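**Q** Below, the features straight out of Swiss-Prot:
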BINDING   F229  substrate binding site
BINDING   C463  heme binding site
Amino acid sequence: MALMILPFIGALSVSESLVALVTVCLVYLIIKSFQANIPEGLSRLPGPKPLPIIGNVLEVGSRPYLSLTEMSKRYGNVFQIQIGMRPVVVLSGNETVRQALIKQGDEFAGRPDLYSFRFISEGKSLAFSTDQAGVWRARRKLAYSALRSFSTLEGTTPEYSCVLEEHISKEAEYLIKQLDTVMKADGSFDPFRYIVVSVANVICGMCFGRRYDHHDRELLSLVNLSDEFGQVVGSGNPADFIPILQYLPNKTMKKFVNINDRFISFVQKIVSEHYATFNKDNIRDITDSLIDHCEDRKLDENANVQMSDEKVVGIVNDLFGAGLDTISTALSWSVMYLVAYPEIQERLYQELKENVGLDRTPVLSDRNNLPLLEAFILEIFRHSSFLPFTIPHCTTKDTSLNGYYIPKDTCVFINQWQINHDPELWKEPSSFNPDRFLSADGTEVNKVDGEKVMVFGLGKRRCIGEVIARNEVYMFLAILIQKLHFYNLPGEPLDMTPEYGLTMKHKRCHLRATVRVRSDH
């Protein structure tokens with residue numbers, strides 16, 4: 001979101017631009033005159049010289065994950081750029097990022113007060129909130145406990161170990177039938193179109209306890225809202241980095257607020273229904289689990305503060321929005337990689353055939369017996385790096401990193417793409433090779449190497465839905481690979497070039513799939 005300013009620069013009228021220009025120049029001169037003094041023993045942050053008003057926007061360009069990676073080669077793992085009027089510290093390198101987010105976690109646990117963040121979940125988002133004090137931490141802990149409790153809820157029938165497994169398994173089987181139907185009718189399918197609806201249905205089941213028909217208007221409306229959110233964020237909001245623009249007409253920002261209002265209205269309605277029908281002895285979904293953990297509980301021993309209905313709405317909204325975009329993007333990329341590397345697809349199928357068989361559906365407990373599949377997922381996360389940056393961080397106090405002084409309230413970008421493609425960490429990082437995560441005999445995943453892959457952030461702001469997301473990607477993939485063979489249209493090149501956005505997606509395309517019969521191979 002923070003690196004989307006460039007496409008929007010030309011969208012202002014002449015009068016708006018003149019007002020902004022004069023005001024920003026004055027503010028720029030004032031800020032420059034009050035630059036912080038560097039404490040003795042520390043160095044000033046290196047980085048490219050910014051232009052007035054726009055800063056380093058032109059150098060960052062439309063593919064910031066690449067341009068900032070190149071800058072890190074020149075300036076090191078800690079350097080500063082300027083986006084509009086706001087100084088931004090960019091962190092690269094595995095050790096540097098771990099030092100900041102884990103060892104100095106409290107100092108880098110903030111969120112910058114970006115204008116657009118105030119409108120996500122009406123400012124009550126757990127993920128985007130600038131708050132990181134005791135109450136926020138207690139709420140995060142409570143939300144994490146609720147998710148953990150939900151993930152262990154028993155399924156409705158003995159064949160499923162938990163309700164999470166049941167939701168994913170049933171939806172994956174439905175997706176397979178649908179793709180088979182589409183193939184017979186049209187001869188090809190758009191992978192993202194069908195995957196995103198299936199993932200949305202799983203998340204609706206987990207969050208709201210309800211499953212929709214794939215043509216249901218409410219479900220498709222939610223999917224479209226998520227898509228609109230990504231598009232609007234992708235167009236950028238300069239008001240995040242040039243504050244005076246907050247007071248000027250902004251069609252993109254107006255649309256952004258409208259999308260968030262529509263999302264929150266839907267979730268509020270569902271949460272209200274859950275409160276009205278809540279039964280402590282019958283926890284139906286994540287919303288019930290959150291309500292259960294909030295009922296008559298204090299957030300911590302010293303604060304008589306309970307999580308309000310609005311906070312529950314904010315958490316559910318975060319989980320739905322982030323989960324839908326992240327998981328659907330991961331699975332869509334996975335199918336693309338299966339098509340791009342048919343020999344790996346065949347190895348994955350043989351692994352499933354040998355360790356699970358073809359007479360039953362893969363389950364969560366099979367995961368440890370499928371090391372190649374686990375390595376494949378890790379390599380997709382690493383190679384695609386579809387989440388090139390975390391949500392921006394912010395320093396909570398004056399601090400230092402690698403000998404450089406970083407003032408309080410400095411916006412911080414974490415370049416996950418750089419870490420996932422760092423030649424110091426990975427041999428031939430541009431090559432797609434799941435075997436890099438496997439032991440010599442191919443029977444175990446190297447957990448140390450696996451933990452180096454950056455996808456869900458680190459430290460105190462790490463994604464609380466990570467475990468559920470990883471399980472969902474694993475189960476969907478295991479079932480799809482067991483039942484379907486994916487391949488490309490004859491003569492059609494497969495374009496794996498990512499399109500930069502909130503999450504990086506591949507270009508929309510059409511693929512083919514055939515249902516495997518049990519006698520295959």
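Yeah, the Cβs are placed from backbone N, Cα and C, and that goes for glycine too.
Since we're looking at a predicted model, the values are computed, not measured.
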**Q** Once the chains shown are all counted, how many other Cβ atoms turn up within 10 Å of the Cβ of the residue listed as 'substrate binding site'?
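**A** I count 21 other Cβ atoms within 10 Å of it.
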**Q** Excluding near sequence neighbours, so keeping only residues 6 or more apart in the same chain, what lies with its CB under 8 A of the residue listed as 'heme binding site'?
**A** A127, A322, F456, G457, A469
**Q** Looking only at DSSP and grouping its letters into three states, which state does the residue listed as 'heme binding site' belong to?
**A** coil
